[in-house]
Each structure stands twice: as C-alpha cells, then as structure tokens.
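Step one of this worksheet: look at the structure below.
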Amino acid sequence: MSISSKIRPTPRXPSRMATDHSFKMKNFYADPFAISSISLAIVSWVIAIGGSISSASTNESFPRFTWWGIVYQFLIICSLMLFYCFDLVDHYRIFITTSIAVAFVYNTNSATNLVYADGPKKAAASAGVILLSIINLIWILYYGGDNASPTNRWIDSFSIKGIRPSPLENSLHRARRRGNRNTTPYQNNVYNDAIRDSGYATQFDGYPQQQPSHTNYVSSTALAGFENTQPNTSEAVNLHLNXLQQRINSASNAKETNDNSNNQTNTNIGNTFDTDFSNGNTETTMGDTLGLYSDIGDDNFIYKAKALYPYDADDDDAYEISFEQNEILQVSDIEGRWWKARRANGETGIIPSNYVQLIDGPEEMHR
C-alpha cells in the first residue's frame, strides 16, 4: 500500500446550529449607532411632517410629492427598528442601502422645492427634510460598507456587542486556505503554526503573496521521524524510501534463505517502515492526525475564549468547528486569523479569531 493511500483527510459532518432571530428589544438598545441615528431621524421626521401639515392647512401651495417622500421615510425608520430587533441587519444590508438611497433622493427633491418657498411653516418642513437627507447619507455610508471597513469598525466599537463579523473577510480567509490546498499526499492542510514557518507567509491575509508549488502542513507529531520541511516533499520521500528499501533488502539477504521470506520483506516496505527516530508505528492517516488534537492535554490549551457570535462550520472544510454564541472555548494558539480550539464536548479544530474574544477570569464568562 502506498503512502498516498495512507494519508487522507477523514470527512466530518459538522454540526449546524440555527441562529436565534427572535424579537428582542435589547438588540436595538445594545447598538448606540442605531439608537442615536434612528432617534434623530424620528425627530427630523416629526419636524418635517409638522411643518408640512401646517403649510398644507393654509392656502399656501404645497408640493404634493413631498407627502409620499415623508411616508416612505417613515416606513424606512420602522423597517430599520424591526431589522435591529430581529438581528437581521446583516441579512438585509443591500435592501436597506438601496431603499435609503431612494429616500435620500426623495428628501433632497422635497428640500429643493421647499427651501426657496416663503413662510415659517415651509421653512420648518424644509429643515426637517434636510435633516433627513443628512441622516440618510450617513446610513448609506454605514450600511453600504462591509463590517470590516474602517468606518464600520470604528462605529461598531462603541456597540455593546462589539464589532460585527464580516462575511467578506471570512470568505477571503477561507479562499486563501483552500487555494493553498493541493491533491498530493503531504499537501492536505492541517492548519497549524507551520504556515508561518514554511517561508510562504503573506503580508496581507486576504491574498497569497507567493504561491508555493508544495505545501507541507502535516502534523509533525503524526509524522515524527520522517517529516521533511523542504518544498520538494515527494522527491525527498522517494529518496528516503529507496534508501530504506536498500537497507532492508541487504538485511533480508543476509538473514533469509528462501524467496518467500524475501517477498514478505519487500511487501512490508510499502506499508510500514522504521527509522532511527521512529517507534516502529509510523502507519498514520490524516484522520489520526486530526485525532491527535483530541489527545492534547489541558495544559496545551492555556487560553480561554468566549464566542461573540454563533458560527457554522463550512461544509467543505473538515477542520472547522461550529460553536454557539457565548460558548466558552479552550484555545491553544492565538496567532493568526484562525485559532486552534477545543469545545467543552471535546470537539477540536480551527475557529475564526474575529468571532471570539479572549477572557482572563471566570467573571468575564458571565458578561
């Protein structure tokens, strides 16, 4: 049996967890940007509707299309509050941005018609729609940007829940790891510290700066005694096997006196082989390599992290693990974008670092 048939990733069906989207007012109260901007929008809308009603009640002419713009703005404000209460803002970002852009056009058009009109009542209505236009422009900047953008990160830093996860940033990290994965035996990546020591580290986490022809990210514990960190892994392994075959054949010729014993010795070369540094049990699969993480002691998981958001592992990635919001995870490595972690049920794998927060003591677990 060849080595290529021995080292294969063991598929794992990750658990899928549903995110809670029930109606909760605390989702709205926990976001200072939502409270402040929507409160200002409500005040501006009251000024606009009050001035419009006062102007229309007199004999003064009033632009009729402004009424639809005011009603449309009211629907936008109500929709935003509902999206926050059900925690669906990230799911409807495109809809929110486009609908607010339409409201911006309506209010700007109404301001053009009212700002040049005479009378204090129309002046109040024009002030209201101008304020609404400014707020709509701020909303377009926020909801139109990704959560990883500098402005969104700065605004979300004041939120009680912290910075929102970025789907774009997450997909770039996954694409980077998938792009480094090849089909040769030693190129099935188990994401670990070797990615930083292999000589192919990148300056930007989103895209590789240098794409190696071979990547050697197999656990050094599983391959103790015959690992090779040079790029030409397959050639090095072939040379190593040839040398072992010559040594075993020489020993077999000296000991064995019949052809049956020689055939048995040659057959065992493809299955297992011993080196001066091995323990005689080097028959390891990629599934066993993943299993080694389950045997790591508690001392190696010296950090604890609290999940800020629920995370569903990617179906195409056997090494990610899912976790729930506020779940406490044990972490063994806190460098890079993806951390090695272990759940309370013993499940181990990698997790995105921007979904969790390190905690120092038991009092932070209940925050």
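Glycine residues also receive a Cβ, built from the backbone N, Cα and C atoms like all the rest.
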Membrane side check (same topological domain name in Swiss-Prot): P32 and Y92?
yes
Which residue among N59, N182, N232 does Swiss-Prot mark as N-linked glycosylation site?
N59
Thinking of Cβ pairs under 8 Å, which stretch from 33-53, 66-86, 123-143 has the most of them with the transmembrane segment (94-114)?
123-143
The topological domain 'Cytoplasmic' (87-93) - residue tally per DSSP class, helix then strand then coil
4 helix, 0 strand, 3 coil
Restricting to the same chain and to residues at least six past its boundaries, which positions have a Cβ under 8 Å from a Cβ of the topological domain 'Extracellular' (115-122)?
51, 54-55, 58, 60, 62, 130
Can you name the far-off residues of the same chain, 6+ from the ends of the topological domain 'Extracellular' (54-65), with a Cβ under 8 Å from a Cβ of it?
106, 109-110, 113-114, 117, 119, 121-122, 124-125
